[in-house]
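Working notes for the structure below.
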Amino acid sequence: MSKSKIDSKILWPLIALCLGWTLIYADRTAMYPLLSVIGDNFHLTNTQIGTITGSYFLIYVAMQIPSGIFADKIGQKRLLISTFIIVGFALIGFALFAKSYLSLLLFTVFHGFGAGFFYPCAYGIMLKIVDSDSWGRGAAIVNLGMSLGLIIGLAASGPLYIHFGNYSAIFLLLAILTLLSAFILNKAIPNIEKSIAGQQENFKVLEVLKNKNLLFINLSQFCALYGYWTAVTWGATFFYEERGISMEFAGLFVAIVGISAIIPSLVMGSISDKIGRKKMALVLFPLGSLTIFLMAYARSKAAIILSLIAYGVVGKSSWDPIAVAWTGSHAFAMDKKALGTAMGIFNFSGMMSAVVAPIITGFIKDVTGSLVAAYYVAAAISVLGGFLVMFVSEEPESK
């Protein structure tokens, strides 16, 4: 395979994985513009509203490392397909049977359980079928699904809610598309060999946790995603309640992040393949922090839009393919069989912010009456991420 290109036979599975990531993201982000509606329906505090998304990501995060073990036992492709079946039925339950706050949390957790298998399986497959010289490009193609799903979920849910007068139809539609995607992925994804034994998994987890470079990449990932989840989960509510933007457009405003991230996320992965991961990261983190700060500081619609566009260009979506490829390089240098475990821990670290950020943001809003301070906290944490990147070696240490 050419080192400058991804073979066309490999491209189709990557596009299928991108499609799958698009649906997983659309499933979850469709809820965010409706958080205030759900809160009103169930008479919830802002902290309780934040707990809805926090509970989703708590179980999602908890599944990251075990999913690597499950993949060894039943195969990455089979586990990947089961993701979409579980998620589809969880959406049906959320749409039709979530009649109380407790049942709402239950179906949200069920969705998070199923979705938790996707990331380690999808990126584990990508790292196996793509040449290591093109990992950044391959990760960027799969990662594109996050931007597309963000756009679809945020932009469509508000207008569809206003059209139908309830949110059940939105999640039923997503459930049908998610279940259908299982058949597409089954056709498009090649069979991946199971890794040799599960008996060394505990050792591999400890080895990954002890690796200095992987540790600092994982901590930086937490910092990068903290700002992202603050902006994405609470952004529509913030713009609607504090900046006077209508519900139809509040979600669309947040979706600007996904729209503006599409090309940069693809380009950044390719550039990092050529000039190095660390140089790119040291530029992206401080710029990303500044744009998060400006989202809350800006008052005019034009300034808000510009800050959202800027965050899409230099924020989390551009960092992700760099971080995935960087993690893959350091994990592969340890042991090629550690890739799945390393990716599970990597996503576990980043997604812990999705558990923490919505709840802390809701708590700050309950205390201060505004989300502005929560955005400033997120910007500061992003600065910390840039500092931590300084301790990561560009290339893996020789064995």
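Glycine too: its Cβ is placed from the backbone N, Cα and C atoms.
Annotation comment: TrEMBL describes 13-397 as domain 'Major facilitator superfamily (MFS) profile'. Annotated transmembrane segment per TrEMBL: 50-71, 78-98, 104-126, 138-161, 167-185, 214-237, 249-268, 280-298, 338-361, 373-392, in sequence order.
Most Cβ pairs within less than 8 Å of the transmembrane segment (167-185), among stretches 50-71, 78-98, 138-161, 249-268, 280-298, belong to 78-98. For the transmembrane segment (78-98), the residues of the chain that approach it from at least six positions outside its boundaries are 20, 23-24, 27, 67, 70-71, 104, 106-108, 110-111, 113-115, 117-118, 121-122, 125, 167-172, 174-176, 178-179, 181-182, 185-186, 189, judged by C-beta separation under 8 angstroms. Contact between the transmembrane segment (280-298) and the transmembrane segment (373-392) is present: at least three CB pairs lie under 8 Å, with pairs separated by 6 or more positions in sequence. Two recorded stretches are said to be in contact when at least 3 C-beta pairs lie under 8 angstroms, sequence spacing 6 or more; the transmembrane segment (50-71) and the transmembrane segment (338-361) meet this definition. Across the domain 'Major facilitator superfamily (MFS) profile' (13-397), mean pLDDT in this model comes to 88.
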